[in-house]
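As given in Swiss-Prot:
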type	residues	note
ACT_SITE	Lys188	active site
ACT_SITE	Arg257	active site
ACT_SITE	Tyr289	active site, O-(3'-phospho-DNA)-tyrosine intermediate
DOMAIN	13-99	domain 'Core-binding (CB)'
DOMAIN	127-303	domain 'Tyr recombinase'
Amino acid sequence: MNSKFYHRSRLFLTFGEASEIWLSTLSPLTRKNYASGIKFLVSLKVLDLTKTLDNAISFDHSESLFKIKSLTIFNGKPVSEASKQARAACYISFTKFLYRLTKGYINPAIPLKDFGNTTFFKIRDRVKTVSISKKEWTVFFEALRLVSYRDYLIGKLIVQGIRKLDEILSLCMEDLFFASNQISFRIKKRQNKEINIPITFPFSLMKELKDYVGGRNGRVFISEDGSPIATSQVVHNFKIAALRSAMTTKITPRVLRASALIHLKQMGLRDEEIMRVSCLSSKQSLCSYVCSGGNSSVANIPTIL
């Protein structure tokens with residue numbers, strides 16, 4: 001089939017069909033956020049999922065972006081600037097995908113940079129995440145161990161490995177290397193690409209993990225019935241442990257990771273090393289935490305538990 005005709009034929013896909021293809025290429029968390037963004041754009045009548053892509057050839061993207069950024073109230077609730085920028089980012093990312101999908105028949109949206117009408121601008125310098133000290137997370141882990149030994153191990157991996165919760169819940173037995181005290185984390189990047197981040201953990205933590213998994217196969221962390229763990233289960237047990245340990249701070253997986261990042265920075269670990277193991281994209285991203293409170297080589301993080 002003629003290549004040009006093949007890519008033109010994709011113009012007869014509906015926006016709904018194209019969005020499903022696009023979302024399937026994204027990491028789980030990004031997919032969830034952008035799926036919500038697509039629903040928002042449909043509600044705002046920026047997108048009509050029943051129409052075919054050939055309608056997008058004549059789209060005035062600047063008008064669509066202006067409509068998104070001009071919104072002040074949605075469903076009776078105020079719309080924050082952060083929310084508007086997130087929806088605009090979703091729209092731009094989707095049109096870039098359509099550009100690739102149709103090999104240029106549909107032009108991608110370009111962020112507006114007109115004075116007073118800029119699509120993206122810095123809202124805040126710091127990530128709105130509280131943090132706790134090493135002493136506090138030690139007390140928290142003692143309580144969490146009694147609530148759920150499984151989630152106690154998850155929490156310690158978050159802190160020592162500077163990992164996100166979904167990266168830990170997706171671990172399988174073949175990712176554990178007890179002989180070398182290493183765990184290999186699969187990190188989803190854009191375009192459905194994946195990199196491996198091998199991290200060395202303290203022997204004591206790996207021994208606890210080895211005793212927990214025994215001789216099982218499949219996922220490392222599972223529910224009592226053997227099914228995958230929902231993030232809400234972990235968050236719930238964290239909440240119980242925080243109450244039992246009389247913590248005044250709400251402890252979430254995000255708070256633990258942010259606390260570990262700040263602690264490593266305070267220890268004097270180089271920014272480049274922290275960025276490499278945490279997968280933060282820039283020093284600016286790292287600074288937003290520390291100011292608030294392919295394959296990779298093996299990362300040796302100082303023991304901070």
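A Cβ is built for glycine as well, from the same backbone N, Cα and C atoms used for every other residue.
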The domain 'Core-binding (CB)' (13-99) - residue tally per DSSP class, helix then strand then coil: 60 helix, 6 strand, 21 coil
DSSP three-state assignment (helix, strand or coil) for Lys188 (active site): strand
Secondary-structure category, per DSSP, in which Arg257 (active site) falls: helix
Other CB atoms, at most 10 A from the CB of Arg257 (active site): 21
Spatial neighbours of Lys188 (active site) that are distant in sequence (at least 6 apart) but have CB under 8 A: Leu26, Ser27, Pro28, Thr30, Glu194
